[in-house]
Amino acid sequence: MNRVVLKPGGLNAPHVHPRAAELALVMDGKLFVGFVTTGNVFYWKIVTSGELFVIPPGLVHFQLNIGHENARFFASFNSQNPGIQFAPLALFNSTPSIPDLVLSKAFQVNQSIIELIKSRFATVSTVSTVLKSAY
């Protein structure tokens, strides 16, 4: 079980728990929660204090605090080892790095855009290590 607190405007970036479903109870605040199915269908809901949300196993999902106060929720998983992989870190901060050519073709953007995005993650590796160990 994890306790998560997001400041107003705070985002739990798109991520996946490859080995578990997630059930979360919102204690305080207002969250915009969404996930994408394997058929690329986007499901979302605004959840507030006292409401639950469920994320099926292995699906990309996120939580965004759209309220004016801290949002607090408790997330539980149906596995002792749910795992976590943040999509932005996996794509733009891997070691070794995914080639810019691959990412520019995948996102259909100029390679300079990929370089710019990767540069934003240059200082995140320490944070990502801490986050990964928390799950």
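Counting begins at 1 with the first residue displayed.
Cβ atoms are placed via backbone N, Cα and C, with glycine included.
Note that the structure is a prediction, hence the values are computed from the model and not measured.
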(request) Going by TrEMBL, Asn12, His17, Glu22 bind oxalate; tell me which of Asn2, Asn40 is listed for that site too. (result) Asn2
(message) Quick check for the class: what is the C-alpha distance, in angstrom and rounded, between Asn2 (oxalate binding site) and His61 (Mn(2+) binding site)?
(response) 16
(message) Please give me the CB contact count at 10 A for His17 (oxalate binding site), counting all chains in the structure.
(response) 23
(request) Could you round the CA separation between Glu22 (oxalate binding site) and His61 (Mn(2+) binding site) to a whole angstrom and send it over? (result) 10
(request) Determine, to the nearest whole angstrom, how far the Cα atom of His61 (Mn(2+) binding site) is from the Cα atom of His17 (oxalate binding site). (result) 9
